[in-house]
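Asks: Let me give you the structure first, and then I'll get to my questions.
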DNA sequence: ATAGGGTTAG
């Protein structure tokens, strides 16, 4: 059609309007744009009706920006009166987004005096629902009520959907219950809302009620409930739904089938997931994303990456932000930083939107791969942050030994106005556990209680761990006793708590209680139990449980169990038995197994065996520095300085640096750290003076420094001073100076406590009449009135 | 319908 030519021939305005009209009726975007061009040039041809028609055409063609531009040029009275056009504009934005434009248009409509109709509300409410804009939705609900539109079935359904998506399920239910006629769509709104918020029980109850009301779930219902089933790990329920889908022929629907495979993946049933995937006729990007995610959830990470490549190469499907998120999670699970970095580069190069979720995924990858510098840099770059952002960085720090940083960031989070949630606290408490920062931990406990988190099993589990690692095993037990529901982690954490305090009998009692309560011990339970036996010298019990674990509980021992057993036997002085135990192992012992024996050789001063064990460790590649240190200590103790020096030279040549011994003490919520011979603390002078004073009293009571454990060949007096300024002594002394005389002192050390400090602290408890507790890398030492509860071997 | 944060383990 050569309309452009005809338009130039000086027709009268009314005939031109007719031509415009005809062009718009073709519903062709190209024609619309031609009319638009001419209207811009010949403003005299503008008529409100034409402009309205052009707006409609643009809406139909999904050109919302253009539609909106033309809409605004319609003169006021005509625009005001064309309610239908307002509704169309709002509906278009509510469908396609940006959703906030729909809400803005609604407000503009009301403010310019246009009365919304029953068609307006479902659309604007849908926009509120997509944005989870609770306040706006409530206001709009109020408007509809005042207009007497409350019984309109479409509005009610939209309201149910809106409240349910915002998580206000009580309000959703209120609207729902008032409805005269609830159809499948209204039920689906209720059901998908509770499913979206992970309320598995409620979702299933609603399904039953729906069927009792005589309605059958349709494919949308099924698609809505499958994520909740997956998250609730309800495999048998999921299979029932699958069967229902087959009966109703929903299973060939790509949305339902994708939901099914995702559900199987989340339930850990990879075989079923991939079977659904394989027989699917139509697969889209979401299907591939779900399958890749299923592989990752089931720990088949390299298979997931392989599938991703298959998708790109053989199936013509491009990456999407969601799939890239999954790929990042795969590298995270492999703790493969370079893989993660490559994906990060790809995200930048491909120009993917840097959404909050993508940022959080990247942050979590860097955090789990242990590069705190990258985490902090990314964190600072992120413009928008939410609680997940903070949770990722806090737990990332806590899991990578940066507990002090975790505390600082937790404080920053509170200043930023983002409220810590349940996951924040569960991720933060281990940082307190690690530092034995009881005051921070107790504050976190109070905050959790006030926020209503302490009814949750996960938070109580973290609290049990925190209190027992902060030396308060009694409070840990109180938390344990008051829990409404305990899971396997609760019992394991409590048993381990008793173990580190040398309370083996209590650990065994709890192990029995656990079985009476109907819980089946798992592999971790036995690690905790054997550890407890080992640290309380309960050799016979430990041996018995090791056998029972295999025979009665069908748990195949892992390396960790063997390590516990070698530790148990070795600690008790049964060095030969420990060695033959290792020789009988059905699998090859790793370095940690031999290290456990080497530590035992040190306790029982058996240099010959230590040398032999040390050679084995050398052959395996001595992964850690601790083994060199032990052997060198033993040679030193025997006065064999040359041998000790050779070990240290070998250690240096192989590139192993001794990690410095570090001790810390929490005073009024501030953690003070010390290394050996440290003079950097502001109160250093006082601390050293106090220590020297105490040394005089200690000597009077019979203390002799264990100078054989100084590893350089130096004069006695010098040895004494090297020992005197060990980090644990400095931290204890600072505690004595800073805390009231009735207060017990808790010091934490990153390595095992040294023999001399162990002896010295006993004397210090007598001199200062204080209780002193040291948590070293291995366990708790409770010093009281000149004795330690560890029984002097550790 | 697919992506982000959390508890026990020498």
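Backbone N, Cα and C define each Cβ position, glycine as well.
The domain 'DYW' annotation in TrEMBL covers A:702-794. Residues or ranges marked as repeat 'PPR' in TrEMBL: A:82-116, A:183-217, A:284-319, A:386-420, A:456-486, A:487-521.
Give me the structural setting of these features: burial, nearby parts and distances.
Replies: Cβ atoms under 8 Å from those of the repeat 'PPR' (A:82-116) belong to residues 52, 55-56, 59, 62, 64, 67-68, 71, 74, 76, 123-124, 126-128, 130-131, 133, 136, 140, 143-144, 147 of the same chain, restricted to positions at least 6 beyond its ends.
In this model, the repeat 'PPR' (A:183-217) carries an average pLDDT of 88.
Sequence-remote contacts of a segment are chain residues at least 6 beyond its ends whose Cβ falls under 8 Å from one of its Cβ atoms, and for the repeat 'PPR' (A:284-319) they are 254, 257-258, 261-262, 264-266, 268, 270, 273-274, 277, 326-327, 329-330, 333-334, 350.
Beyond the ends of the repeat 'PPR' (A:386-420), by six or more residues, the same chain brings 356, 359-360, 363-364, 366-368, 370, 372, 375-376, 379, 427-428, 430-432, 434-435, 437, 440, 447, 451, 671 to within a C-beta distance below 8 angstroms of the stretch.
Secondary structure by DSSP for the repeat 'PPR' (A:456-486): 23 helix, 0 strand, 8 coil.
Taking Cβ pairs closer than 8 Å, the repeat 'PPR' (A:487-521) reaches residues 457-458, 460-461, 464-465, 467-469, 473, 476-477, 480, 528-529, 531-533, 535-538, 541, 549, 553, 555, 775, 779-780, 782, 789-791 in its own chain, all 6 or more past its ends.
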Asks: When you scan the chain for residues with a C-beta under 8 Å from the repeat 'PPR' (A:456-486), skipping those not six or more beyond its ends, what do you find?
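Replies: 422, 425-426, 429-430, 432-434, 436-438, 441, 444-445, 448, 493-494, 496-498, 500-501, 503, 517, 519, 746, 773, 775, 780, 782.
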Asks: Counting only residues 6+ away from its ends, which parts of the chain sit with a Cβ under 8 Å from the repeat 'PPR' (A:183-217)?
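Replies: Same-chain contacts beyond the flanks: 153, 156-157, 160-161, 163-165, 167, 169, 172-173, 176, 224-225, 227-229, 231-232, 234, 237, 244, 248.
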Asks: Run through the repeat 'PPR' (A:487-521) and tell me, per DSSP, how many residues are helix, strand and coil.
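Replies: Final tally across the stretch: 26 helix, 0 strand, 9 coil.
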